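Here is the structure we will look at, set down as structure tokens.
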Amino acid sequence: MANLLNKFIMTRILAAITLLLSIVLTILVTIFCSVPIIIAGIVKLLLPVPVIWRKVSRFCDFMMYCWCEGLAVLLHLNPHLQWEVHGLEGLSKKNWYLLICNHRSWADIVVLCVLFRKHIPMNKYFLKQQLAWVPFLGLACWSLDMPFMKRYSRAYLLRHPERRGKDVETTRRSCEKFRLHPTTIVNFVEGSRFTQEKHQQTHSTFQNLLPPKAAGIAMALNVLGKQFDKLLNVTLCYPDNNRQPFFDMLSGKLTRIVVHVDLQPIADELHGDYINDKSFKRHFQQWLNSLWQEKDRLLTSLMSSQRQNK
């Protein structure tokens, strides 16, 4: 009994030390990488010359790669972590990709950055407006031309119809900047992290997912057109740490990450005017919902297999 108690206490102490180390490491890496990116972003703003813009953008992408390497060290603080990754074949840093993914946790961004950093161009995320105010990180993301999306409720849009379509315009402006060099645009199309509360509030018909929001990726496809080489449909989960994967990651208790990558061609019928063409909008939503149904079945299979193993 005493041995079990001592083991429990030591495990808690080790988790607390790992948590502290992880937080300090994350802050230091973020500051070290974001400050040069912010300075470069200011240079890009003051000198909007195409040649300078391209060189500065490449430098910013390099610093983001360094940030991803720092996050990889963070994952190494999880000594029992096992990766199960399927579908990385055929990827290239010379291509343009649209990456869509389910969203379970803050850990998702760390996983995507670390996993894909050597396989595809640097990820550019669709971000919530609130993240713009996070010290260092917000300005760095702005310098990297990541679009900040401001979500409005249906009731708010009814009172302020002039706000309708603002996110779409933000997407269009950001995507125009990605034409000049290979880019991976990442969109968590659920618009928010999955929780049971949000699942009930949105009346989701999916078991493991929130309903997908189609406007952002539809606009990205419309602006960049055939410049996108492929669609990366990514499904990820943390079967052993499903309740709080990000906290478990920081505490060194993350044990298993499962990632399925489905590389798909982008059909011509997915390019169109999502805002004004109701027929296209309906077709696009049906296509995205069908992807989400497949993703939901895959997640159910992964989670049920884990329960059986236990």
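Placed from the backbone N, Cα and C atoms, the Cβ positions cover glycine too.
Of the listed segments 103-108, 181-186, 301-306, Swiss-Prot assigns motif 'HXXXXD motif' to 103-108. In terms of DSSP secondary structure, the motif 'HXXXXD motif' (103-108) contains 2 helix, 0 strand, 4 coil.
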